[in-house]
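S.K.: Mind looking over this structure? Questions follow.
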Amino acid sequence: MAAATGAGRLRRAASALLLRSPRLPARELSAPARLYHKKVVDHYENPRNVGSLDKTSKNVGTGLVGAPACGDVMKLQIQVDEKGKIVDARFKTFGCGSAIASSSLATEWVKGKTVEEALTIKNTDIAKELCLPPVKLHCSMLAEDAIKAALADYKLKQESKKEEPEKQ
């Protein structure tokens, strides 16, 4: 009960501060939304394939990449079936809207592709699809790097699987 009362007081105090501050015209309030293309906003507000897969599984590849310049961190995972087709993909991204949108789009694009086909996905394709401005190209580069890292991890697991002696 005390927590609810405290939260209510906090909400009222915040509202009072907002009401006392000068109001911005609606035109100015909506300006930041125009900085992102509608495709970025869609993937940001409705991200596809958020979550994690079992990284210990032999058929799951995990890529973890980061951009020191902006602090974005992206984890992308793929699940590959016995025929070499990517059947699932998940991501978790700590970053801006463009980084989240790039991750979301990348997981959509890798699904249904073979491991080799997924290697052909380029950051320029992601940037073009999302209409990213030059200042946000590093986000699409992170997505490409995350795909490559996940594929490399998967391939490494497959090689070690072949080297393991068969259990009898």
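Cβ coordinates are placed from backbone N, Cα and C, and glycine is handled just like the others.
Taken from Swiss-Prot, the feature active site, cysteine persulfide intermediate applies to Cys70, Cys139. Sequence annotations record features per position, and here Swiss-Prot assigns Zn(2+) binding site to Asp72, Cys96, Cys139. Under the heading phosphoserine, Swiss-Prot lists Ser15, citing similarity to another entry as support. If you look up Swiss-Prot, you'll see Cys70, Cys139 marked as cysteine persulfide, on the strength of experimental evidence. Swiss-Prot lists Tyr36 with the feature site 'Mediates ISCU dimerization and de novo [2Fe-2S] cluster assembly', giving similarity to another entry as the kind of evidence. According to Swiss-Prot, the transit peptide annotation covers 1-35, on the basis of sequence analysis.
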S.K.: Of Cys70, Asp72, Cys96, Cys139, which is closest to Tyr36 (site 'Mediates ISCU dimerization and de novo [2Fe-2S] cluster assembly') if I measure between C-alpha atoms? They're all recorded positions.
M.R.: Cys96
S.K.: Rounded to a whole number, how many Å is the Cα of Cys139 (active site, cysteine persulfide intermediate) away from the Cα of Asp72 (Zn(2+) binding site)?
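M.R.: Roughly 8 Å, rounded to the nearest whole number.
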S.K.: Can you list the residues of the same chain, besides Asp72, Cys96, Cys139, whose Cβ falls within 8 Å of the Zn(2+) site's Cβ centroid?
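M.R.: Neighbours within 8 Å of the Cβ centroid, excluding Asp72, Cys96, Cys139: Ala67, Cys70, Thr93, Gly95, Gly97, Ser98, Ala99, Ile100, Ser102, Lys136, His138, Leu142.
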S.K.: Below 8 Å Cβ to Cβ and six or more residues apart, same chain only. Which residues does that give for Cys96 (Zn(2+) binding site)?
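M.R.: Spatial neighbours, sequence-distant, of Cys96 (Zn(2+) binding site): Cys70, Asp72, Lys136, Cys139.
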S.K.: Which residue among the active-site residues Cys70, Cys139 has the fewest other Cβ atoms within 10 Å of its Cβ, if you could check?
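M.R.: With the active-site residues Cys70, Cys139, fewest surrounding Cβ atoms within 10 Å: Cys70.
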S.K.: Across all the protein chains here, work out how many other Cβ atoms are within 10 Å of the Cβ of Asp72 (Zn(2+) binding site).
M.R.: 21
S.K.: Three-state secondary structure of Asp72 (Zn(2+) binding site) from DSSP?
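M.R.: Its secondary structure by DSSP: strand.
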S.K.: Reduced to three states, what secondary structure does DSSP give Tyr36 (site 'Mediates ISCU dimerization and de novo [2Fe-2S] cluster assembly')?
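M.R.: Going by the DSSP assignment, Tyr36 (site 'Mediates ISCU dimerization and de novo [2Fe-2S] cluster assembly') belongs to neither helix nor strand, so it counts as coil.
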S.K.: DSSP secondary structure for Cys96 (Zn(2+) binding site), reduced to helix/strand/coil, please.
M.R.: coil
S.K.: With every protein chain in view, how many other Cβ atoms are within 10 Å of the Cβ of Tyr36 (site 'Mediates ISCU dimerization and de novo [2Fe-2S] cluster assembly')?
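M.R.: Other Cβ atoms within 10 Å of Tyr36 (site 'Mediates ISCU dimerization and de novo [2Fe-2S] cluster assembly'): 21.
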